[in-house]
Amino acid sequence: MNPLILIMIMLTVILGTTIVMMSSHWLMIWMGFEMNMLAVIPLLMKQYNPRSMEAATKYFLTQATASMLLMLAIIINLLYSGQWTFTKLMNPTASIIMTLAMAMKMGLAPLHFWVPEVTQGISLSSGLILLTWQKLAPLSVLYVISPGINLDLILLMSMMSIAIGGWGGLNQTQLRKILAYSSIAHMGWMASILAFNPTMTLLNLLLYILMTTTTFMLFMATSATTTLSLSHMWNKMPLITSSTLTIMLSLGGLPPLVGFLPKWMIIQELTKNNNITLATLMAITALLNLFFYMRLTYATSLTMFPTMNNMKIKWQFNNKKQMKYLPMLIILSTITLPLAPAITLLN
């Protein structure tokens, strides 16, 4: 892709998300979503092949449907309130429809089916944008309408997302699909605490973006897209591969890595709000995510996949790819929690 065109597309993506996050007018928010969607589609088709075309088409159809639901919710709210600006108390019907629209844009269950398929069909760099930046705008809208959100609906969707994010990743060997299901589960954790403590949702989002960005950058550095290709990297890049596996365990929420912090704080907050049953179910279901990450770590580090005897060994050479920011990102994604014990005192 022409660098000038790429810069223009990236600026449009950033502008669309910024309009959504900074506007107080519903029509401007809808326009921001549309700008963002139309600019992201060329990024998804950066590698021009049938799979990326299919992924971009699925993404467009899903996001267009969500935008129609968003406009329907805006019109219903306009009929009841008589104004285009944000109101703290939305009409219940409009609130439910808007929650469903944002859930479809984010990939919350049961509106999640497009996330693994689209992520698998695009490049790693496009997948990074899809699973990190594209979550900001829908979550900002949910953050604003959180005082009037339907509690039963959002908790049901969050519990389903955590369960499906765990079950879906169990039989996957494609790393992009594993990260897509992990994203669905993390979105479920964020949605579960949204009605009780929206600020904690932002903390969870920050840590999720940090860990996912580091994981994608490590995959881009090793050019790994499957479990098999990751296991063959031990000879070529041992340090990078071990860092990748450590960050995957952090994504799964293994203490004392930083991925454990948001889960710990969310369970604590849910318990304070007398949602003990939900917190218990979420904690048990989160073990599914941790299981497939630990299985992936075990398979790539302690065992050898069945391969042909005449397969060429990957020798270790100096890596030509620039990785200036990776050491800092790896440190932040793994040992932030042990280095900052004061975080555990936050209420």
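Quick reminder: no glycine exception, Cβ is built from N, Cα and C everywhere.
Swiss-Prot has this to say about the protein:
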- 3-23: transmembrane segment (TRANSMEM)
- 25-45: transmembrane segment (TRANSMEM)
- 59-79: transmembrane segment (TRANSMEM)
- 96-116: transmembrane segment (TRANSMEM)
- 148-170: transmembrane segment (TRANSMEM)
- 178-198: transmembrane segment (TRANSMEM)
- 200-220: transmembrane segment (TRANSMEM)
- 247-267: transmembrane segment (TRANSMEM)
- 276-296: transmembrane segment (TRANSMEM)
- 326-346: transmembrane segment (TRANSMEM)
Stretch in 25-45, 59-79, 247-267, 276-296 most in contact with the transmembrane segment (200-220), if contact is a CB pair under 8 A: 247-267
Tertiary contacts of the transmembrane segment (178-198), as residues 6+ beyond its ends and Cβ separation under 8 Å: 103, 106-109, 112, 115-116, 118-120, 127, 131, 135, 139, 142-143, 146, 149, 151, 154-155, 157-162, 164-166, 168-169, 172, 204-205, 208, 212, 215-216, 251-252, 262-263, 266, 269-270, 273, 275, 278, 282, 286, 289, 292, 296
Any contact, the transmembrane segment (148-170) to the transmembrane segment (3-23), with at least 3 Cβ pairs under 8 A: no
Surrounding residues of the transmembrane segment (3-23) on its own chain - C-beta under 8 Å, 6+ positions past either end: 29, 31-40, 42-43, 129, 133, 136-137, 140-141
Same-chain residue ranges lying at least 6 outside the transmembrane segment (247-267) that approach it to Cβ under 8 Å: 182, 189, 192-193, 200, 203-204, 207-208, 210-212, 214-215, 218, 279, 282-283, 286, 289-294, 296-297, 330, 332-338, 343-344, 346
